[in-house]
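Enquirer: Would you mind keeping the following structure in view while I ask a few things?
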Amino acid sequence: MMAKLSPLAVLAASLSLVSAQTYQRLGTCPDLGCVLPPDQSDFLPGQLFDLRVEVHAPVNGSEAFNNGVPDEAFSVSIAKEGGAAKGLTEFFGLDEPELEKWSFGWYEDLFAEDAKQKSVVNVASKIWRHIALYEPGNYVVTLKYYDGKTTTANWVVRPLATEKKAKNVIFFIGDGMTTNMVTAARLLGHRSINGKYQSSLALDKFPVIGHQMTHSIDSYITDSANSASALYSGHKSTVNAMGVYADSSPDAFDDPKVETIVELIHRIWGSAWGAVSTAFIADATPIALTAHTRSRSLYGPLIDQALNGITNYTWTKMEGPDVYFGGGAEQFYAGKGSYEGKDYYEEFAKKGYTVALNKTSLEAADSKQKTLGIFTQSNLPVWLDRNVLTENLAKLTNDPTGNKSAALDIPGLKEMTLKAVDILHNRGGEDGFFLMSEAASIDKQMHSLDYDRALGDLLELDDTVKATIEKLEELGILEETLVVVSSDHGHGFDVFGSADTKYLAEQQDDRTKRKAVGTYAQSGLSQYTVEQPGISYNTGPNFPLNWNPRY
């Protein structure tokens, strides 16, 4: 049982649960009683999850209540629509969990933060772990506390399709990619004559196009952790959280979990699965396939979770990915970045993995064996540096052994993805496979407003999608494979028109520089697709012919 902290101790040392302009005691908990998963949650039949309830007793601040003493005699029930309510212990056939108690602090607004005046909350809580709802329908969970207060959570368990339509799934994610960025990439890589494109993006050829909303459960803006978790589990959460609903406890790893798609298909069908990313592999989008924490930055422990599964609580038994390709050697070679200082190249090898540290060894790897491929110390260099501005590679100290030399023999997203398809096809067999392939640096370069590098990686994603579909046709499995391309969130980006870079450079003030941007009838056409004498990058079709045009 967690020891209850004194209010003074909490005021001195407690974590802040929020750091946004709009402050919340706990995002999913507008009342003093909290149910997690919260109201409006959706589940697949049989999807595993944990259920936590919390009763809050604010000690001070505008919500101060009951002298800071939480009700430890709360009760919780669940009822399916049309049925009688039952206690959770009876309904799920579990032993009554132990009562937990802790305290936390938070700022009620910016004035309180400036004054360093935290509001302290004492908490009584219980958690029911490793449970599931198997019958489709509507359910209501009711928490009763403080002699008459009630918090309810209405849940929906959605019916499964009557027929399994895809044996395999390949899920491409263009991190941070918006439709406007796709428009810009099309302008850079595809020539237009009299208003007609002479070629098209692979993304343009998909038969179904839709929109989704991945913002977090308690704020307008998401991050890649929470949005990936929503995409992989069907459950929205809080910024920085993955595979859990963030609670108020001190432990970032004990929050109520929800089962992800790879955990579910591995448990039910024994399917193979893998992740490919141009980011470091412990980054939010790839690691969220198996991560269960409210803190995305715990990279070392999350790599251990990916390999060994959840070891501190009963959960879906996982035996590591069949394919894991990307950067992020800092979490693998022995040192301060790896979990407990261990050599995770060796830990993966002990479990039967082939370990590849460059493009050459990746290509040579046996396509029937589980394979770990880590090719740089952190994120992979972007497509533009790997293929056009190659002199930049030698300036880096990113070798995956950690020896401070430059990694020069690096695969791209296409090479990693095609190798992953080969391995997963062989290992999944009749049980199928799931692959997530991420173009991570669309997002990373948009953060720094490096549009050339961001759009180069978007074109690399499109080229990878095209090559993957051709690979599936070659293997004879296209018709049984669902291919999805999505973003996880966006950036502020739009296409206004072309700019006269020569005129722009020669102007002395902002007002005259503004004239260099062509709009409306003067918006112009892309010159990235026009051949120039003496310029050749040999990067193949549907990439710019000139990366430094005047317009």
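Just so it is clear, glycine is given a Cβ too, placed from its N, Cα and C backbone atoms.
Remember, TrEMBL labels are computer predictions, not curated facts.
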Enquirer: Just to be sure I read the record right: ASP175, ASP283, THR285 are listed as binding Mg(2+) in TrEMBL. Which of GLU438, GLU460, GLU470 is listed for the same site?
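Expert: My reading of TrEMBL gives GLU438 as the candidate in that site.
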Enquirer: Could you state the whole-number distance in Å separating the C-alpha atoms of THR285 (Mg(2+) binding site) and HIS447 (Zn(2+) binding site)?
Expert: 16
Enquirer: What's the CA to CA span in angstrom from SER224 (active site, phosphoserine intermediate) over to ASP488 (Zn(2+) binding site)?
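Expert: With the alpha carbons as reference points, the distance is 6 Å.
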Enquirer: Far apart in sequence but close in space: which same-chain residues, 6 or more away, have a Cβ under 8 Å from ASP443 (Zn(2+) binding site)?
Expert: ASP175, GLY176, MET177, SER224, ALA454, HIS489, HIS491
Enquirer: Give the sequence-ordered set of same-chain residues, not counting ASP443, HIS447, ASP488, HIS489, with Cβ within 8 Å of the centre of the Cβ atoms defining the Zn(2+) site.
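Expert: Surrounding the site, in chain order, are ASP175, GLY176, MET177, ASP223, SER224, SER227, ILE442, MET446, SER487, GLY490, HIS491.
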Enquirer: Near the Mg(2+) site, what residues other than ASP175, ASP283, THR285, GLU438 in the same chain have a C-beta no further than 8 Å from the centroid of the listed C-beta atoms?
Expert: ILE173, SER224, ALA228, SER277, THR278, ALA279, ALA284, PRO286, ALA439, ALA440, ASP443, ASP488
Enquirer: List every residue in the same chain as HIS447 (Zn(2+) binding site), at least 6 positions away in sequence, whose Cβ is under 8 Å from its Cβ.
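Expert: Spatial neighbours, sequence-distant, of HIS447 (Zn(2+) binding site): GLY176, HIS491.
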